[in-house]
Amino acid sequence: MGKASRDKRDIYYRKAKEEGWRARSAFKLLQIDEEFNIFEGVKRVVDLCAAPGSWSQVLSRKLYLPAKLSSEPRDCDHPLIVAIDLQPMAPIEGVIQVQGDITNARTAEVVIKHFDGCKADLVVCDGAPDVTGLHDMDEFVQSQLILAGLTIVTHVLREGGKFIAKIFRGKDTSLLYCQLKLFFPVVTFAKPKSSRNSSIEAFAVCENYSPPEGFNEKDLYRLLEKVGSPSGADDLDCSSGWLEGPNKVYIPFLACGDLSGYDSDRSYPLPTVAEGTSYQSLDPVQPPIAPPYKRALELKKASSNGLREQELEKLSLDS
Ligand code: SAM
């Protein structure tokens, strides 16, 4: 699909470039904020799975840039934004970047170190694996990312803080809801207008972090396993027996973003331009600096330049 026809087919893709966002995902976070006011009283944030960085841009514009103008002392009240991703990201003002895997304990330690002494008010996670199309598998891998995010949450988030995480809606959604409810009394699943209806993604908006009394971070996975077992966390309405029949849970689900606004599944005509000129599509705000497909393109080019099979094999092994 050409850039201009994508501009027409995907209004949020076009708007992102016009407003200087690196990805259309920025609108998802902005629309979640419209509904849940997630930035109220927030100074310190962790952005998990942040590349190419549109959520970090939102955080920088909302939290860092306004505070930069004031001369507040550098203490726990000073804005701190730490962004992590497997992929490298081009710099964003006021955002500390860490390249690493959030499921790896060492990455978690690096993040935690940045919050030494002060805790975060908000953790956001827009992580998504490379989708295989095998729905059960994709949902499982996605839930592992959320649980890795929750592990980081239990170390860095202050009591009363918020956690926003991308989820894939599927048959285990109720289980995930119950697991999150162990730590957050208010959990809502939200679907921003900018997230296509055809996509199974939604966002868990978890408010008022309150870990169970006597909670030990090391026991996180043992505690999560208890959810759904008859002897497990009895104070949860979804814990007695399994999630069927009368035990079924109804998950609060909200559409967010101005409902009279753009529909992400619709095509919109391109803006009209002066007579005699044609619409000029904008370039992406920040092209990826090390996309996974870069190597494939190099190999393709080398192959069309007549490199022998063994040389190509050596190139792909080196990568
Ligand atoms: N929120 C981002 C933005 O606004 O630009 C978009 C995030 S993109 C949908 C999903 C990201 O998750 C990818 O950049 C991918 O590299 C990252 N990711 C997936 N698994 C990860 C992992 N285990 N650790 C760190 N990042 C991961």
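Even glycines carry a Cβ here, placed using N, Cα and C.
Taken straight from TrEMBL:
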- Lys166: active site, proton acceptor (ACT_SITE)
- Gly53, Trp55, Asp85, Asp101, Asp126: S-adenosyl-L-methionine binding site (BINDING)
- 21-209: domain 'Ribosomal RNA methyltransferase FtsJ' (DOMAIN)
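Shown here: features listed in TrEMBL, placed on the structure.
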residue	record	CB count, 10 Å
Gly53	S-adenosyl-L-methionine binding site	28
Trp55	S-adenosyl-L-methionine binding site	29
Asp85	S-adenosyl-L-methionine binding site	23
Asp101	S-adenosyl-L-methionine binding site	15
Asp126	S-adenosyl-L-methionine binding site	23
Lys166	active site, proton acceptor	22
Reduced DSSP state (H/G/I helix, E/B strand, rest coil) at Asp126 (S-adenosyl-L-methionine binding site) is coil
Restricting to the domain 'Ribosomal RNA methyltransferase FtsJ' (21-209), what is the model's mean pLDDT? 92
Just checking: which of the recorded positions Trp55, Asp85, Asp101, Asp126, Lys166 have a C-beta under 6 Å from ligand 1? Trp55, Asp85, Asp101, Asp126
Whole-number Å only: compute the distance from the Cα of Trp55 (S-adenosyl-L-methionine binding site) to the Cα of the residue listed as 'active site, proton acceptor'. 12
Tell me the Cα distance separating the residue listed as 'active site, proton acceptor' from Asp101 (S-adenosyl-L-methionine binding site), rounded to the nearest angstrom. 16
